[in-house]
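A.B. asks: Let me begin by handing over the structure; questions about it come next.
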């Protein structure tokens, strides 16, 4: 499919672009960019007036639940949710059933992604065998099979010596390590952020320092081994401070946060709302402010969703036993666009956080509209109003704290390798 995208505001931080331009796509690649381009014969014209034309959004942290947990989500339904949210590439975490700790399962995920035929689906392999934290997984085989990173996401690597060796081996193999950072001895039986609200609700709390201590350890290990490390789902002011200081020292650390951490506080748990239960938990107002400041100054490199679908039966229970996590692929873009409207980020910075940076960290060769690049493109209407409604979500699951709320901004077209896979 060949396309001429006209009249759009092209924003591409990789080239320092933010201006009204036309974009010609031929044979799945960006062929030309300029003003007043003429459509060759047989080219479909896409009118992008009023829209931002950006490199396809990349979500480096999703849970697609396949294999083994398809009652929550599967690769096809997750891919549908991704393209509806404007994502052209997603990286799926390995905490499936069985976990993705061998090349056969990694290849299965890639094959199922291609079968779905919507977005690019990249597997993240386990950091340790069986995700048990006892010995390292076969990183070389996982990379050879197509894994773009390794992680035991969902649980931390408790053994510091094992984490040190993981960082050293991964550095040699040039595969990113994604750290789920929490000190389980401090987490204990906590189910929400420790503070005034947890006390008022009579729920056991998780102190912020549980995250801070674990991140400090992993940052120090990365510094000691001169290895890169990526910290997942940063949620505390202390974590932002630790990572900011580490970057100033030249430590090779990158990190991500998710929209719920710069949008909601633990007040959302009031009423024992299980759709506000996640790990790490929602924090307090000063943490939200710190996350927003970290996004603004570049301490936080990436906005990811941590899309975590769960069946209603796993959420419609007492708060203490409810599953952690919320869906995010279809709500991430409007929640993040609010940062632009509020002056926290420029539109170019937002595209960096949601496309360029995650692509660079994972080595995807995406996140750019440069001539000759793969034509993964998202068209965004930043002012389009819409309401989050269960029957209109593409995901199998509906566990979101924003159900029934009005959003502003959406992807109106998602293009993968020059093919329009979604239109709003």
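A Cβ is built for glycine as well, from the same backbone N, Cα and C atoms used for every other residue.
Features from Swiss-Prot:
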BINDING   61, 63, 153, 306  Zn(2+) 1 binding site
BINDING   63, 64, 65, 95, 279, 310  substrate binding site
BINDING   153, 180, 233  Zn(2+) 2 binding site
ACT_SITE  306  active site
A.B. asks: Relative to the Cβ of residue 180 (Zn(2+) 2 binding site), which residues of the same chain, six or more apart in sequence, are found under 8 Å away?
C.D. replies: 151, 152, 153, 154, 155, 156, 232, 233
A.B. asks: Whole-number Å only: compute the distance from the Cα of residue 95 (substrate binding site) to the Cα of residue 63 (Zn(2+) 1 binding site).
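C.D. replies: One finds 8 Å between the Cα atoms of these residues.
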A.B. asks: Return only the integer: C-alpha distance in Å from residue 64 (substrate binding site) to residue 306 (Zn(2+) 1 binding site).
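C.D. replies: Each residue's Cα considered, residue 64 (substrate binding site) and residue 306 (Zn(2+) 1 binding site) end up 10 Å apart.
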A.B. asks: Taking the centroid of the Cβ atoms of 61, 63, 153, 306 as the Zn(2+) 1 site, which other residues of that chain lie with their Cβ within 8 Å of it, listed in sequence order?
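C.D. replies: For the Zn(2+) 1 site the neighbour list reads 62, 93, 154, 232, 233, 304, 305, 307, 308.
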A.B. asks: Tell me whether residue 306 (Zn(2+) 1 binding site) sits in a helix, a strand or coil according to DSSP.
C.D. replies: coil
A.B. asks: Measuring Cα to Cα, tell me the gap between residue 65 (substrate binding site) and residue 306 (Zn(2+) 1 binding site) in whole angstrom.
C.D. replies: 12
A.B. asks: For the binding-site residues listed here (233, 310), tell me which residue's CB has the most neighbouring CB atoms inside 10 Å.
C.D. replies: 310
A.B. asks: Counting across all protein chains present, how many other Cβ atoms fall within 10 Å of the Cβ of residue 61 (Zn(2+) 1 binding site)?
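C.D. replies: Within a 10 Å radius of the Cβ of residue 61 (Zn(2+) 1 binding site) lie 27 other Cβ atoms.
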A.B. asks: Once the chains shown are all counted, how many other Cβ atoms turn up within 10 Å of the Cβ of residue 306 (Zn(2+) 1 binding site)?
C.D. replies: 28
A.B. asks: Taking Cα atoms as reference points, rank the binding-site residues 61, 63, 306 by distance from residue 279 (substrate binding site) and give the first.
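C.D. replies: Checked the binding-site residues 61, 63, 306; minimum Cα distance to residue 279 (substrate binding site) goes to 306.
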A.B. asks: What are the sequence-distant neighbours of residue 63 (Zn(2+) 1 binding site), meaning same chain, six or more residues apart, C-beta distance under 8 angstroms?
C.D. replies: 73, 92, 93, 95, 306, 307, 308, 309, 325
A.B. asks: C-alpha of residue 310 (substrate binding site) to C-alpha of residue 61 (Zn(2+) 1 binding site): distance in Å?
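C.D. replies: So the alpha carbons of residue 310 (substrate binding site) and residue 61 (Zn(2+) 1 binding site) sit roughly 16 Å from each other.
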A.B. asks: Have a look at the binding-site residues (65, 95) and report the one with the fewest Cβ neighbours inside 10 Å.
C.D. replies: 95
